[in-house]
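Reading through the structure tokens given below for one structure.
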Amino acid sequence: MIVLRAAMQEALSRRILGIGATVSVAFVGLFWLGFSTAFSRVAADTSDEFATIAASTVMTVLGLYAVQFLAAFLAILLAAGSIAGELESGRALQVLARPVPRWSWLLQRTAAFGGLSVAYVVLMTIGVLTVAGAVGGYGALSPVRAIGLMSLEVLVLVSIGVALSTRLGTVATGVVVVALYGLAWLAGIMEFVGRTIDNASVERIGVAVSLLMPSDALWRGASFHLQSPAFLLAPDTGVGIPFAAVDPPSGRLIAWALLYAAAMLAFAVRSLRRRDL
């Protein structure tokens, strides 16, 4: 666990985490300001209870949509240099010269950065949901399941970053993972558009790409559990939020994401074992 503690201390000492914490606190504050202003206006303009529920749902889901972007980029930044940075600087040689197996060193560093990414997801999601609940009495369908799926999303990104970091440099790894993340986002849009216009071909392309990079699919699964039960049960909100799902995530998606992350880590271990240091 020495490597795990050292990796945690290394990550916490980075300037990016300090900047990220400042941005995150500012984001929650801006969300509170925007949510309270918009909610008060909607509540004053209409006596329709469902209108206020719909407004609260849309604002909360979009706020958490931004949170998952912040969490994703934090995970990518942490993972991109997790292995390559240590190898390039020579610090890895100092540790691996001791009786520390390469696989143990890699997995402990992965656990450290993955744990920080998950902690960020948990804290930010709780913060946004607390604001929505305090201001508008908002209650999500299942916050725990949503947090679990968003956490799995960042763990998938960390596993990809670690795997690529065993072969590519820090910058190259970051660029590739961001590109894959963007591709997954585009696939989610294609799936949404295909379903909206009833075009099965476009929808199938989106689904296929989502299997190659399941980050956006996991967010959509989480978004279902972040919506209000009353909003989900309403008959005319099937495509009310472009970046949210109207159906719960399947067990196959979750199993695939877990297998995907495990396969990435297995590749990373094998790649590092064969690499000349």
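Each residue, glycine too, has its Cβ placed from N, Cα and C.
Record features (TrEMBL):
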TRANSMEM  12-33  transmembrane segment
TRANSMEM  53-81  transmembrane segment
TRANSMEM  111-138  transmembrane segment
TRANSMEM  144-164  transmembrane segment
TRANSMEM  171-190  transmembrane segment
TRANSMEM  253-272  transmembrane segment
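When Cβ distances are compared across the two stretches, the transmembrane segment (253-272) makes no contact with the transmembrane segment (111-138), since fewer than 3 pairs at least 6 residues apart fall below 8 angstroms. Contacts between the transmembrane segment (12-33) and the transmembrane segment (171-190): absent, as fewer than 3 C-beta pairs lie under 8 angstroms at sequence separation of six or more. With Cβ pairs under 8 Å as the measure, the transmembrane segment (111-138) is packed most heavily against 53-81, out of 53-81, 144-164, 171-190.
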